[in-house]
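Quick look at what TrEMBL lists:
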- 64, 67, 68: heme c 1 binding site (BINDING)
- 195-320: domain 'Cytochrome c' (DOMAIN)
- 208, 211, 212: heme c 2 binding site (BINDING)
């Protein structure tokens, strides 16, 4: 199966320049409403330029791609937490942008519920790109190349923030990663799990899939996974809801391409998958909001032996989609 298709002959380019995002057979239904922002060749290519353009940041030194690196599933393996202009550091690990068209909320605390608004956070954050939407739009309107591209994409004379955000979304919704070894096994496309991977799959279903559910490998929920007992430094989901029941809860991340996206957890405290599974097996800390799935009577954590840990990791590595990281459609256009 080819998950992304668009017009491929000279004859149909003028008649139909739409890009079609086809849904992988083993995925849930996409949540992004393409009817409100249909992907076109012009919009996609414009979004790609914007994504890689450092001129969107306050001092013109960083772009979206500085922290969202294609070869790392659009995450940032080089930094424990988000970073930005003047080497400023945030408090949370940069999330991967894989399969964003299938998400209904974004950020570790669910601070945004629509993909179109996600870039606003980075563009206007003092820590990250340190700009304003008004200044970004002003700069774009002053650049003839962008004037032309926005006109071709949206047929309007003046660039505005809605067009900017729609173009970025048209680029990002195409970040569909569905060609890992796992997918080819599930879809019967000639691949087979090794004995270790198959054993790891069975263990994963038994011990991990209550949170890392569906073929997106996340249920999209917010959970306290026992990292801390004090949440003054980062209250998690409670920052948004202002509910004490949400203290220390963070969004369950997808495990697709996770072998490419260290460090791990909301604050990037673990460097390896081995450390992550060791946490769940032996290091879960108790607190009033710790997830019930991590509590069994008087015990905390998930029973995982050293051998089981190796097998689970072997399976998790089958979720790596090398084709996604090499896809030239998503590469730097400059």
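Just so you know, glycine gets a Cβ as well, placed from its N, Cα and C.
Everything TrEMBL records as a feature, shown here on the structure.
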residue	record	CB count, 10 Å
64	heme c 1 binding site	25
67	heme c 1 binding site	22
68	heme c 1 binding site	20
208	heme c 2 binding site	21
211	heme c 2 binding site	18
212	heme c 2 binding site	21
Number of helical, extended and coil residues in the domain 'Cytochrome c' (195-320), per DSSP
51 helix, 14 strand, 61 coil
Cβ within 8 Å of the heme c 1 site's Cβ centroid: which residues qualify beyond 64, 67, 68?
51, 63, 65, 66, 69, 74, 76, 94, 97, 122
Rounded to an integer, what is the Cα-Cα distance in Å between residue 208 (heme c 2 binding site) and residue 68 (heme c 1 binding site)?
26
In terms of DSSP three-state secondary structure, what is the assignment for residue 64 (heme c 1 binding site)?
helix
Of the binding-site residues listed as 64, 67, 68, the one whose CA lies nearest the CA of residue 212 (heme c 2 binding site)
68
Around the heme c 2 site recorded as 208, 211, 212, what other same-chain residues have a C-beta within 8 angstroms of the site's C-beta center?
204, 209, 210, 213, 217, 218, 219, 252, 255
To the nearest Å, how far is the Cα of residue 64 (heme c 1 binding site) from the Cα of residue 211 (heme c 2 binding site)?
29
I'm trying to understand the geometry here, so how far is the Cα atom of residue 211 (heme c 2 binding site) from the Cα atom of residue 68 (heme c 1 binding site), in Å to the nearest whole number?
24
